[in-house]
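> Quick one: this structure, given as structure tokens, is what I'll be asking you about.
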Amino acid sequence: MLLKCRDFQRKYFRKLRKKINNKIREQLAISISKKIFYCNILDSVKNIAIFCSFDGEIDTYPLILKLWRQNYNVYLPIINYNYKKILGFMKYLPNTSLIKNRFNILEPVFDRKNFIQSDDLDIMFVPLVAFDEFGYRLGMGGGFYDRILINYDIKKSFFPIGLAFDCQFSKNINIKYWDVALPVIITPKKFWIWI
């Protein structure tokens, strides 16, 4: 079947998530945000990484607003601070200026005093294009999150949580040796838990 090719899977699921109309997309983003706060998954954590939504991903802004209101330290990934394809994280405040990186994704301008490595995070919300019944995710193809998730797999220094629409579930993601399964993926309708 054609859906076994990772590039085809990416195109298919990116197109699928982009088809969700804006009104429903907004409701689903609020639903996920409420679900995260309702389940107490954020108890005893301080530093939370999240992503700026891009290319039809679930809108993280309602969650970011709630995190700020609850006084969590919110961090966004940054890839322009070096060229090693490793993500770092910058503190994100309501007045933080964002610029588009080379992939057209919004990120903060590098500032050493607001920069942390993934080891200093408690939770990392992870974007994905698709996911399967075992927690494996298909990303956009750059490998940035794959390299960070290896740190989770080895050190368990932060807890990664995938955020997705329900339509991004796939029964047949083509897994590669570098892929790391997420322990939790949250969709508007379901908590997928593998821990």
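Every residue, even glycine, has its Cβ placed from backbone N, Cα and C.
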> Which of D43, D179 does Swiss-Prot put in the same ATP site as R6, D7, F8, Q9, R10, G139, M140, G141, G142, G143, F144, Y145, D146?
D179
> So the record assigns R6, D7, F8, Q9, R10, G139, M140, G141, G142, G143, F144, Y145, D146, D179 to ATP. If I measure every Cα pair among those residues, what is the longest distance in angstrom, as a whole number?
20
> In sequence order, what residues of the same chain, 6+ apart, have a Cβ less than 8 Å from the Cβ of M140 (ATP binding site)?
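M140 (ATP binding site) has long-range Cβ partners R10, D55, F103, P127, V129.
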> Let me know the DSSP-derived helix, strand or coil state of D146 (ATP binding site), please.
helix
